[in-house]
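A short write-up of the structure that comes next.
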Amino acid sequence: MHIYKEQEAEPSTGLMMPEPAPVASPGSGGSGGSGSVGAEKIGSRGKIEIKRIENTTNRQVTFCKRRSGLLKKAYELSVLCDAEVALVVFSSRGRLYEYSNNSVKETIERYKKANSDTSNASTVAEINAQHYQQEAAKLKQQITNLQNSNRTLVGDNITTMNHRELKQLEGRLDKGLGKIRARKNELLCAEIEYMQRRETELQNDNMYLKSKVAESERGLQTVNMMGSASTSEYVQNMIHYDPRNFLQFNIMHQPQYYPEQEDRKAFMSDER
């Protein structure tokens, strides 16, 4: 859809654009010479100086020619490149000329939206950058204050303090020392309580081991006593037996004499 309109300027368009400067090209000078249309050659290389045409007639002729060429270029651009093109031109007399391959109003709304999005994006980025810069400045100031406070607490930055400030610092230090001592005592009490519990546990273990040792000693004594009783009984039994004939006799009685035993011994001696 290609639209070309030529009409008087209306306030309803809502778009005010500066009058485009005419573009001169070699050989396009209207009815007059190059000087009549505001294009003058400079030097030997054929450069053209663009300036306002003072003659009203020549200016109007040049406007009509250039306007037609501009509209033709806009049409070719929209067709060849499938681009959305909207062209709005106001003459020096206020006459409106426009061209659009879709709709001038829709193209203008699209332009406004794109321009607004770009502005908003840049605005958000700028706001974020400012916010981060402010936060960084606050953090730097906090770091500086903490460093000064630490130097003051260790007594390195008190030369410029008056009596009141020194008194306040002393109170803060006393309060801090009180908290430190309380925490230290708390840790010491906890350590002492732990050591006492550990001592009780070790005493219980020691008593248990002592009872085990005593029980083992009693068992060993019982075994030794049982072994000694068995040995004594065995010895007592051996005392009541004659080792020569294993005949039991009383130790209080004298052994009887047997002549046959002497004869047997003598006979055995003679044979040897």
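The count begins at 1 with the first shown residue.
Backbone N, Cα and C define each Cβ position, glycine as well.
In Swiss-Prot this protein carries:
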COMPBIAS  27-36  compositional bias 'Gly residues'
DOMAIN    43-103  domain 'MADS-box'
DOMAIN    129-219  domain 'K-box'
REGION    1-41  region 'Disordered'
Confidence summary for the domain 'K-box' (129-219), mean pLDDT rounded: 90
Three-state composition of the domain 'MADS-box' (43-103), taking helix and strand from DSSP: 26 helix, 15 strand, 20 coil
Residues of the domain 'K-box' (129-219) by DSSP state, where helix covers H, G and I: 82 helix, 0 strand, 9 coil
